[in-house]
Every structure is written in C-alpha cells, then in structure tokens.
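Shown next, in structure tokens, is the structure this report addresses.
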C-alpha cells in the first residue's frame, strides 16, 4: 500500500467535542495546554438559499441520494480524489446525509471533509466542504520501510504531550498484512487500550499539507489523537481529545438537583418506541441490574478502565429503591442511589433524543441496533463516583460502533461533598457531547468539533440542552438559570454569567468571542444565543412541560421541543468544525426542512439580539456583529 509514506502532508480531522480540561485533571496537571494544538476552522458551508441560486448544483437530481451527493463533490472539487465514508443515512426529516473524505495518493486527508445534505426531492439541499485546494505532492515521498516508524511517532507524542504511557518495549503490528499504514502498538503500559498509529495527511493552519502519524492513546482523562509529523517525529501538528470535560446536575426528570424536589418511586419509565428491549435488555438477555441496550452503569471508585466486573446494585424484582440525602457522608454509603440516578437520567435522555431524531442511523449509543441502521455495540459506559478525579465530569465520544464513556465525579466544594450524578444538567451536558460529536460530520467522524470555536460551541450545545430540559411550568423569558450551581455550591454556577434574556444580567454577544480563547467561555456565548432562540419559539408556540414532546406531522407542537429539534437537526446539516455563522445557518435551514420556514423570523430575531444577525461576519480574529434581521421580519414585527 503506501508504506511508511513519510512524505509531505498531514491531516487532522476534528473528532469529538473537545472541552477545556479543568486545571486539576489529565494532561493539564502536567503543564500541557491541549488548546495550543487546535487547528483553525476552515469549512465552507453553502446553505439552501445559495444552492438554489446555483443552477448547476440545483439541477443535480437522482432517486439515489448518495449518487447525487457524489456528483456534487465531483462538480465542486473536480481535481480532488476522495472516498465515500460508510456512515451515510436518511434522517427522520427525510434529508439524506452523505460524508466524503479527501484522499491524496491513496492516503486520507484526515481533516478533508465534504458533507452533503440531500432533500426529499432528490436534490442537493446544502453542503459543507473543507477539502484541500492547494498544491499536492505528485507521489508520497517514501523513506526506508522501517517498521519502527509508528513507534517513533508514539514516542514523539508521549514526549510532546507528557502522556504517562511507558513504551520502551513498544512494537508495531500491522492491522492487515496488506496494509502498511495502520498499526497497533503492542508492549506499552499505562493506557486503557493498545495505542494505534495510522498514516494520514493533515491540512495545517497555514494551508499546507503534512504527512503525519495519527497516534491514538486512551489514558482515561484524555483520549487523544495526536498528529505527529511523519518525517520529524518531534513535531506535533494537531491534537484531538475525544474526552469532553464539564461541570454540572437529577431526581425525577426535570428536577435539576436535590434542592428542587424529593426522591420518588417511578415505575417502568422507559418508552418501548425508543428502548424496545426496555432499559434492562438488549434483545438477547434480560438483566437484573444496571445493564441494558443503552448503557452500563456501575461504581468506579479506583478510576480504572475496567467496568464490566465493577459493583452494581442487583435488587430483587428490579426494585432499585435506595435512600439518599445530600447530608449523607461519605458518598460510598449511597452508591446504590447514585448508580440508580445516573442510570435513570442517562436512559431517559437517550429516549428523549431518540424521539427528536438521534437514532441508530444517525449514530446513537446502543448495543443492539435491531436492524435499524448504524453500528451497534456502542452503549454508554456510565461510571458513578469515578475515582479518577474530583469536581468535574467528562464524556468520551469515539466514532459510531465504539462505546461512549461518561465519568461522574464527587465534588468537594461543599461539606459534605456532593455527587454530580444527582445533578441532572451534568448528565445531560455530558451526554450531549456524544450527540453533537456523532451528528456533526457524520457518525463515523468524532473529530468535527475540535477547533477552538467549534469546540466551544460543543460546550454551548451541551449547556443549551441541559437548560432546556430543566424549564419549569411557571418559567418565562425572564427566568434566569445558572449552570452547575448545586454541585459547585455556588448560586451563580460555574459559568461567567447565568443564562438570561436580559442583556444587563448576561451581556454576552457574538463579538465577545473575539476576546475569548477557552472553550467553556465560548460555549457560554453560544448557549446564551440559543437561549434567546428558545424563548422566541416558546413565546410563539407555547411550552410543553411534559417529559416528552408531542408531534404533528413530525414537528413538535410546542416551542421548547421545537427549539431542541431544530438545534439537533442543525447539527446534522452543518459542516465539520463549523463557526457560529455556519451553525446559525444550519439551524435556519433545519427550520426550512422541518416546518417550511415558518419560524425564520423568530430564529433571526433571537440570533440578531446577540449580534448574529444577517450582517454578521466570521473571521477568527475579528468577528463582525450584526443586529439586522431580514426585511420581512422587520415589516411584520
């Protein structure tokens, strides 16, 4: 194949929502700033309105949505070589989503992505493109085929990032006898799984290509893809972290934390339309503990990687009824209640997201997909009272077909300490990292929220969904919400500002991002903008205070669930590593698909209030804000 093609190109595809690692965890403890290895956003995004004006593109038509998408890529990038990624699907709105990866000399350009959205009419609806358009090598420069090269790349990654893996005895084994570009690195210690190395191209921030080894290492707090220069393994061009960290909230669904309600016994809470085997089966086995098709929950006091044999409650007759009070101490005395709460919240959210469109085809987390598309064997590993850290939580999202991993820690900012499993918003926030990473760029690509701005939006989507599900019947647009207030023992929460539609209470606007360089801060701006959109839709359509949406012709009948649905659909439409403007446009297009555009003005007004109006411009250093809305929205105000 392409041997140790240590030639001139490197690629780094953004995979998973990369959240800022708090200063007490993972590589940050070792003085490594992973944010310094991020790539810039580079995707172009053509929305439906632009596609309609391009007669050549709008004329493309076929009953086969993959064929139409392929023809589009050939038209837009006639000189490029590429391959079809095997995660295309038709979503519940009838839109087909197709994903392509650029190749050069037979080697993937890891951040060369092209996503195409095909409407129900068999025509192109919108598309995103981050293909490399500059010079490409005529052939890969080969070096002596030395099988130690992947090992040298591993050593380079370990040294540059201070990754605590011992690799003195590491040896490279090809994953396929005919493939000399993809290796498993045996003989290491300190990782949760054997590291791997794959030869890929990467587009660097200066637009040039570099040939790199994509070295994958999982040490728990950080699950990294490190792009090591193939010719000089002391150079690292880009780092992707599958683990998204955060800080945040549960009891009955909708109760944010123990201050809002009491424990109560709930019977058979699952929905058989979304969890057809209930929460305790997988189609072949019925379990009497917290194991099922959607997840596996257990305690993990040591913080280790093993979980299958960890402790789980196993009550008689599936009666998971355990006492808990925030005054109980130490946390280990209520571990049964903690696991049960985490299990309930994660499964409930799985079912809600399924109703909103995050199903097997689009890459959700299930062991048995029951012939509904996508790749199975990717339940969520749910670790309660995880001993690998404190005052945090995180979620790791590998591509479809590999389990997600949620780790929930004890928080020590109150006395007695507080268990984050009882704060619903934290569970939702973390799980939403899995949602946003699987939908953006396609289920097979968890690297599409890896740039600084897109990674920040990853935090924002997580905060948005966590806030939306906690709304109360008496809430209005004047209701403010903090994030993580209970677990942090701080009424202001863990964000700079509470979420509010009041510009004095929360003054964040689009151009605020010009002065920010940390993903949670950027995410707070994005979630603030979405909070405005949420209330505009609620004011128009009302608010369903029930735990599940009601639909009419596939459209949620109320504003809260409609907002969640449009944001979710926008994730599937937007390009890999989007910026604020592109993500805004994807939500607007999602409304055109779902409702025929009946909510365009409500959306525009929400965006424009926070400077993301029609005149907003994106530049990584000088974003330009705009409070303008389309003329029709001004006429009918």
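Keep in mind that glycine also has a Cβ here, set from the backbone N, Cα and C atoms.
Annotation source Swiss-Prot lists active site at 430, citing sequence analysis. Swiss-Prot lists 429, 433 with the feature Zn(2+) binding site, giving sequence analysis as the kind of evidence. Feature annotation from Swiss-Prot assigns N-linked glycosylation site to 282, 502; the stated evidence is sequence analysis. Sequence annotations record features per position, and here Swiss-Prot assigns signal peptide to 1-19 based on sequence analysis.
Here the features listed in Swiss-Prot are placed on the structure.
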residue: 282; record: N-linked glycosylation site; Cβ within 10 Å: 19
residue: 429; record: Zn(2+) binding site; Cβ within 10 Å: 29
residue: 430; record: active site; Cβ within 10 Å: 31
residue: 433; record: Zn(2+) binding site; Cβ within 10 Å: 30
residue: 502; record: N-linked glycosylation site; Cβ within 10 Å: 11
For this session: Could you round the CA separation between residue 282 (N-linked glycosylation site) and residue 433 (Zn(2+) binding site) to a whole angstrom and send it over?
Result: 24
For this session: Out of 429, 430, 433, point to the one nearest residue 502 (N-linked glycosylation site) in space (Cα versus Cα); all of them are recorded positions in the record.
Result: 429
